[in-house]
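Colleague: Right, I'll just put the structure down here and ask away after.
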Amino acid sequence: MKFHLKRYVIVTSILLSFFLLFRRQFLPLTQRQPNPINNELVSFDLIKQRNKFENPIYAKWKLSSSSPLETDLTTRCNDYFQQLLTQENFQINYHDSGYKTEPFVYKRKKWLKERIRSLRKQYKFDKNKDKYDFDQIAKQEFSIVSKNQSIHELNIYQHFSHTRIFGKCFATNNNNNNNNGVINMENPQSNQLCKSFVQKLYPWMSGNLPIFERNKERSPPQLDDSTDCIIEQIYKNSKGKGKGIIIPLMTQDKSNNQIQNIGRLIKVLRGLNNTLPIEITFMELITPEAKQQLYDIATSDSQMYPTKQDIAFVDLSPTTTNQVKGSISDSSIITLSSIFTSFEEFIILNQHIIPLIELTKFFNNERYKLHGTYFFKSPSKLKYRTTKFNIGFHEIASFIKNQLIPNKFDKHYFNLYQKGSENGDEVTIDRFFNYQFNNLIDSSLIIFNKSKTLSGLLISGNFEFLYHDDLFNIRINNTPTKTKMDYLWLGQYISGINEQIIFNFNYAIMPGILTPSQNLPKDSIECLEICSSSWGQLSDIDDISLLYITSHQLQNWLNHQKFFESLLKDKYEFKFNELVDNFLITNTNTNTNTNTNTNGNTNDKDSTKLTMGRIDLSIFEKIKTQPLKIETIIRPPTLIEPINVLGYNEPDQAWVHQDDFDRIGQNGQGQGQGQGHPFYCVYSSIGDPLKEGIRGLSINVEQSLQKKYKKLIEIWLQD
């Protein structure tokens, strides 16, 4: 039995060895050895190749004997898109399902290192492995991969180039002293070309208009029989419709708090006697109960706030194709709301804002009137600056800045604006391109004129729906909050319709009540501090008038009051020493007020007094009665990096996140609903102001304004 078992093992081993030898010798050629090496190694530079990108129509026009500039804008636009339409195999592969950007393609050394390691592992048991030049094989493969990525980039470059011209021709009525004039959309060829290229350039658009509900009646979209182009329908539906307010319902907020916050905002609008009509936009179904709740708040009789609000609900879901509905984000809701609103000029308010002035005043800004946009800057928190970069981060930022913006041919043929350092918006935008900041925009309040910004809004839509998870995701979404508000200004930047993108000159500020000096950071003597979950914005006309604040502090108070109150108590109570009567000592000489020491000197201290430690709760009591009390405003310094304090015990940055408050809404803390909002402390000076530090500004709020703000905050807090 043992002999048979031993023989079985020997035979099995021989057969297995023979099988392995046979398998190695007779493998298919493609599996036995790598592809043959091309003796002439192709050297391909992905970044330098971008300098050769060219719009194909411009390339033809440059060689043409007749200049397109000799014709009017309508003829020139028709010629451009007619040539593009007849171009052989014209197609925008905007989202090739078979292609995905490999970020390491932008890091040649790392790509080659990993590929060589992989090849050596793959052919570890190949008897001819010593004959293979894995270095050369990897370089040849990298050249192929780089070329494929370059083709992908070229396709994106041409897509944005064509959309920019489309926007100039069909999606703007902004002359702005532009001597090219405005296209005649009554031209049948223009109408047909517009219709054809909407489907090619903006495939996320379904071709349908939103559904409006006014006075509890749904109204079908109003279509103009004179045009078949959805872009022209959008423009005509809002032309001459005046000004209004848009309040978007964010899809990522699934809590009922959103409806409550919007209801409170509408109450504040009534308190401000707002007369602008309101559109509440949404993508997902809003319940009839929520609609009724908001409708009642807006239109119910009130002796205290008699100005009823004109409110409509706008269902945006018909406007996009089913393929992109899964990629709806907060910023894309704002984009869609701006494109499909019935207003020509509009203010977008998010659920967290408390306006402090009449909203019609925002439209009076002269820079807005000229350029059609007005953004407020988000708080200049250093956490918005990227310090850990995705692979390809800088290469994609360079691609956006140098390839996607209007070039000299866009300027020459269509008088689109090139961006340069002489433009006022560049100082702000440099924070994105040169200092790696994200979230430049405070989404609390945004102002658009559709006739001047529709082209850029359509480009923002392409960013959102076509490239949201590929190339630009490497740069745009490299942020902890994963928000994409930068697409809103980038669309305007790339469109070239307006010479400037208008930002408020000031960055966000912190309104509130000063932290008592006893509770300031250790050894801080120069700075003032205000701590809150809310921020605000100042007018850039006088730099001191408060325009609006956010309600985050009040939401924390309402939704997590017990826990939030305990944290605020720790923050604002402070100890002080007080002289009190010492009842344990009986002094028979009540007329003696001084004592003489052994040296014959008198002591001023009364021996009948004791130093007693006290706790001062006066500031905390103010906050309990008014959770967002505005006595002072701090306009902190704007930084691009922390200040090296060099042993000087002052803050090294302007906005300091308070980690203790992050527990709000977690683990049942506060017995509230939903997640709490972050809590920050803001400082009026950073470092040593006499040396390397920077000083900001503190503003005392006058009593009359304090009363006004208190009234509006109380309106917001009302149930």
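Please read every residue number as a count from 1 along the shown chain.
Backbone N, Cα and C define each Cβ position, glycine as well.
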Colleague: Hey, which of Asn148, Asn477 does Swiss-Prot call N-linked glycosylation site?
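Modeller: Of the listed residues, Swiss-Prot records N-linked glycosylation site for Asn148.
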Colleague: How big is the Cα-to-Cα gap, in Å, between Asn148 (N-linked glycosylation site) and Asn449 (N-linked glycosylation site)?
Modeller: 40
Colleague: For Asn273 (N-linked glycosylation site) and Asn449 (N-linked glycosylation site), what Cα-Cα distance in Å is obtained after rounding to a whole number?
Modeller: 23
Colleague: Please state whether DSSP places Asn449 (N-linked glycosylation site) in a helix, a strand or coil.
Modeller: strand
Colleague: Given a 10 Å Cβ-Cβ cut-off, pick out the one of the glycosylation sites Asn148, Asn273, Asn449 that has the most other Cβ atoms nearby.
Modeller: Asn449
